[in-house]
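Record features, source Swiss-Prot:
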- 22, 79, 119, 453: (6S)-5-formyl-5,6,7,8-tetrahydrofolate binding site (BINDING)
- 215-376: domain 'TrmE-type G' (DOMAIN)
- 225-230, 244-250, 269-272, 334-337: GTP binding site (BINDING)
- 225, 244, 246, 249: K(+) binding site (BINDING)
- 229, 250: Mg(2+) binding site (BINDING)
């Protein structure tokens with residue numbers, strides 16, 4: 001942990017109405033004495049001159065001093081809030097550096113100091129960057145929930161439950177001569193099942209939070225001339241893709257990034273899937289499958305004039321069999337303007353089926369509502385937390401250890417192995433909040449922050 005005093009511009013570079021210089025560390029009070037001529041009263045706004053070493057006024061503004069540990073970073077912090085001209089701010093930083101023993105902060109270093117001083121955990125620190133980078137109202141709300149500790153609370157509860165169960169299992173191992181067989185009395189199994197159920201709920205919320213942050217990737221797939229490019233244009237609200245009556249017009253991947261009521265959506269239009277000897281088309285089809293395999297959702301586009309079937313296993317079994325087992329599929333029966341089908345949604349064999357006309361726009365609004373629902377629009381209006389991919393990976397790892405532990409208990413009654421899986425689960429969960437996290441990971445996380453944060 002560094003003990004350096006650091007300085008950086010806390011406001012965005014460039015011209016603005018107000019510019020803020022932030023100093024954190026033991027020398028913050030020395031900077032105040034050198035630049036202001038006095039140490040401001042803690043937590044009081046002090047309007048004063050910011051002076052050079054020769055006594056000339058560089059700027060005028062408000063100085064705020066926070067005595068550690070009662071500050072954002074947990075250290076002494078001085079903020080100089082002056083006019084937002086970049087030249088003035090650069091002069092002020094240069095003046096601060098003249099005090100000696102002070103260096104320019106690295107990206108995210110103020111937040112890193114706050115984390116190191118237990119002022120916030122890692123998910124809260126990440127939420128600061130996510131709040132700054134939010135591209136929608138929903139992302140901002142979710143990031144604020146994480147910043148206020150909602151995600152951390154869920155993870156801490158899981159860690160506590162896993163730790164308590166682990167202690168109970170280890171106690172059962174240490175006292176094998178007791179009359180009660182702790183490993184088979186049902187208490188351990190019931191506690192384990194409750195933890196698994198709780199983790200499933202947190203995983204579901206985290207996945208929604210990740211979609212809010214990163215967007216949901218939706219791939220439009222199907223046979224040539226089913227109307228995939230027309231649907232891309234309808235969802236994007238503009239002519240992004242060339243549409244013709246010639247099958248196989250789209251030979252490469254087309255992407256559009258849109259927002260549905262603040263929810264980010266990445267729409268991928270792909271080449272029509274079919275057997276072909278055309279080398280260029282074969283490459284496009286291979287790329288289409290690459291996109292499908294990494295999608296969050298597939299819109300299976302069907303030309304409604306060619307079949308009355310609604311079950312994808314009936315329409316194209318080979319296509320369905322090749323899809324990843326955990327990939328959600330929505331069936332889109334297109335060209336409803338020609339088939340005369342009612343624009344309704346039905347559930348068929350576990351699949352949502354929509355009838356639309358991508359050409360005329362009929363049914364597209366209902367499809368948008370469906371996509372919003374998949375992204376958790378309503379739940380995020382009510383309040384959710386934001387999550388990153390590393391959080392999802394850690395939760396998945398923890399879930400895997402719980403499932404292995406369940407097997408050790410149910411099949412083998414192996415208490416030692418169950419305890420070890422619980423320990424590994426505990427470590428995976430603790431990495432989310434930063435309780436047990438490598439320095440390399442911390443460096444990677446904080447280096448992505450803005451300078452001055």
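Just so it is clear, glycine is given a Cβ too, placed from its N, Cα and C backbone atoms.
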Neighbour-count leader, CB within 10 A, binding-site residues: 22, 119, 228, 335:
228
Report, in whole Å, the straight Cα-to-Cα distance of residue 229 (Mg(2+) binding site) from residue 22 ((6S)-5-formyl-5,6,7,8-tetrahydrofolate binding site).
51
Just give me the nearest neighbour of residue 119 ((6S)-5-formyl-5,6,7,8-tetrahydrofolate binding site) among the binding-site residues 225, 271, 335, Cα to Cα.
271
Among all protein chains shown, how many Cβ atoms are found within 10 Å of the Cβ of residue 225 (GTP binding site), not counting that one?
20
Nearest of the binding-site residues to residue 229 (Mg(2+) binding site) by CA-CA distance, picking from 79, 271, 335?
271
Between residue 79 ((6S)-5-formyl-5,6,7,8-tetrahydrofolate binding site) and residue 228 (GTP binding site), find the distance joining the two CA atoms and give it rounded to the nearest Å.
55
Which residue among the binding-site residues 79, 229, 271 has the fewest other Cβ atoms within 10 Å of its Cβ, if you could check?
79
